[in-house]
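Down below is the structure, laid out as structure tokens.
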Amino acid sequence: MRRFSWFNVTSLTLGFAFLYVPMLILVIYSFNDSKLVTVWAGFSTKWYGELFQNQAFLDAAWVTLRVAVMSSTIATVLGTMAAYTMVRAGRFYGRTLFSGMIYAPLVMPEVITGLSLLLLFIGIGLDRGVVTVVLAHTTFAMCYVSVVVSSRLVSFDKSLEEAALDLGCTPFQAFRLVTLPIIAPAVISGWLLAFTLSLDDLVIASFTAGPSATTLPIKIFSSVRLGVSPEINALSTIMIGIVASGVILFSLISKRNIARAEADARAAERT
Amino acid sequence: MAANGASVFAPWDDPDQTPLIRFENVTKRFGDFTAIDNLSLDIYAREFFALLGPSGCGKTTMMRMLAGFETPTEGKIYIGGQDMGPIAPNQRPVNMMFQSYALFPHLSVYENIAFGLRRDGQPKDKIEARVEDMLRMVRLQKFAKRKPHQISGGQRQRVALARSLAKEPKLLLLDEPLGALDAKLREDTQFELMDIQEKTGTTFVIVTHDQEEAMTVASRIAVMDEGRIMQVATPDRIYEFPENAYVADFIGDVNLIEGTATPSGEDEVTITWAENQQPIRAKTQRKLATGQKVFYAIRPEKVGISKEEPTDVVNKAKGRILDIAYLGNLSTYHVQMPTGEIIKAQSANTRRIARRPFTWEEEVWVSWNGTGGSVLED
Ligand SMILES: Nc1ncnc2c1ncn2[C@@H]1O[C@H](COP(=O)(O)OP(=O)(O)O)[C@@H](O)[C@H]1O
Ligand SMILES: [Mg+2]
């Protein structure tokens, strides 16, 4: 291991402190016995208990979970299809424009995405609720999924699919039996990414949710405006836990994915 | 031995035979690049047919059109008399062994071989028996449970072969199947392939850029260049009677001597080729005009070398040894004429090095008889 200079150590420490100290404080205060958020009065888990008594929060959590599962699943299906088509179609007229349009929502300000979706839903007369949030989350999560999946597909050996066709598969069977199992890790990590994105989205959800489908981030945001309660801290801690697990799982899978692809490449060279 | 062009197996000479594969004026273009150029070709059942040519001449494209991954831009391909135009790859009685093997990395050796059989919805015990047969044939029973990345290159190649033969296709396409193997394994596998081909009675079409490999395994060879077929014939005919300078030059080592023809009687021609040299007298069926430019092709092993002027041969020339290539059992002498032409002569090394009769710079005679070479038109 190389040693870091004092400058590096300082900047690393400051950087990580900047990123994680606020969260750490939040986590610590979620175990505070006192009702006052700023005064430490001993360790307690009572706020977690109260949190699970609070019907409004539980409802919001249920909505969030449903939205996240549905939108990330739909986004994974659509994003994988989009990636497959873009990678397989080869060159066609307008390809660059097309792929640019898939990636554009990644950099689009969320406010604009949210606003435009809101206008669309009003325009077509769709009542705001769980369905509209799911649609909205699917829209932007799909782009992330397609980025993750297409980066795997680019290195996918096309002759594997041809071999499947040659051995009697229909094109759909070839995809299901050969392509999909091989790219599965990328698809799963795409799903995880979409899931965590949906879980912690506030902006787009507040444009598209409507009163009947309050998600957790919306609920937290609106309660905080009335004052920070230790309950919110507890809830946030749980969310941090879930999102962090998602992200860690995502990166573990991608890492294994890369290692696997490298092993395949080495094996191919050895032949 | 059916596979080696023995006298009994020659359906291409029998006008009553219908070919298994027929390319009819097939042209394939990629954009404005013509990969296959108005090509017609018949291949018969039970043949071991080799497509031979340099890299990029369109061999893989021919295979891919047979398998159904590419469609001809013009012309038609028939397999068993049926127009393949509207037939999808998964509906063709054809299996292909890919240049990269294309084994499914997520499936075991066993599952790879069973893959095609499962698609046909055959009963389980039948599939099992067939896979076991295949594993035995390629001697991989012990490796059935391994994944492709857990076996060696040679073993992978055998899995690919077993997988493509499992469905008992009418026609097996092999795209440079031995390209990745080292010389020794390659040779063994060539004989194994011939053996399997004979046992199963499957028609094999093999792609290779290695002429020795084509000569070893094939019943007939098509020599290709830039999307066209230069000659189709049995290995011995390709070697002994090349139809044009390209084939003569591509197959084996050859002296290509450029000269001017003068017909000199029934099936005979004399060729003036260098100043102060006796013209070459050669047999040929070709109808040549006086003064026509021709090539005379003769293999080095048909050219003798001697110190004294030979008296009993029709063609001879005197020169100086420029180079000697020692090939173990043989030596090739590069003999330069006073006018600069080089003629290669080969002779067997029956004596030990110290007692070799010829050395560098020595004046020698090269000689050959009238039927040893072929006269080729430009
Ligand atoms: N899909 C393709 N698009 C464009 N050009 C191609 C394609 N496939 C093959 N070619 C070209 O056609 C020619 C013949 O290719 P190929 O059949 O693979 O040659 P070989 O197998 O004899 O080496 C090559 O010049 C190659 O670049
Ligand atoms: Mg090729």
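Each residue, glycine too, has its Cβ placed from N, Cα and C.
Whatever TrEMBL says is automated annotation, not expert-curated.
Only residues 6 or more beyond the boundaries of the transmembrane segment (A:12-31), in the same chain, are considered here, and those with a CB under 8 A from a CB of the stretch are 4, 37, 40, 43-45, 47-48, 230, 233-234, 236-237, 240. If you look up TrEMBL, you'll see A:12-31 (among others) marked as transmembrane segment.
Long-range contacts of the transmembrane segment (A:60-84) within the same chain, counting only residues at least 6 positions beyond its ends with a Cβ under 8 Å from a Cβ of the stretch, are 102, 130, 133-138, 141-150, 153, 175, 179, 183, 187, 190-192, 194-195, 197-199, 205, 213-219. Positions annotated as transmembrane segment by TrEMBL: A:60-84 (among others).
As annotated by TrEMBL, domain 'ABC transmembrane type-1' applies to A:61-253.
Outside the transmembrane segment (A:96-124) by six or more residues, the chain places 82, 86, 132, 135-136, 139-140, 143-144, 146-147, 201, 203-208 with a CB less than 8 A from a CB of the stretch. The feature transmembrane segment is assigned by TrEMBL to A:96-124 (among others).
Packing against the transmembrane segment (A:130-154) from elsewhere in the chain are residues 63, 66-68, 70-72, 74-76, 78-80, 82-84, 86-88, 102-106, 108, 110, 113-114, 117, 121, 183, 185-187, 189-191, 193-194, 197-198, 201, 204-205, 207-210, 212-213, 215, 254, 257, 261: each is 6 or more residues past its ends and has a CB under 8 Å from a CB in it. What TrEMBL lists as transmembrane segment is A:130-154 (among others).
Sequence-distant contacts of the transmembrane segment (A:174-194) (same chain, at least 6 residues past either end, Cβ-Cβ under 8 Å): 71-73, 75-76, 79-80, 84, 137, 141-142, 144-146, 148-149, 151-153, 156, 160-161, 163-165, 246-247, 249-250, 253-254, 256-257, 260. Residues or ranges marked as transmembrane segment in TrEMBL: A:174-194 (among others).
The transmembrane segment feature in TrEMBL is assigned to A:232-253 (among others). Using a Cβ-Cβ cut-off under 8 Å and counting only residues 6 or more beyond its ends in the same chain, the transmembrane segment (A:232-253) has close neighbours at 23, 26-27, 29-30, 32, 37, 47-48, 50-51, 57, 185, 188-189, 192-193, 195-196, 199-200, 216, 220, 223-224.
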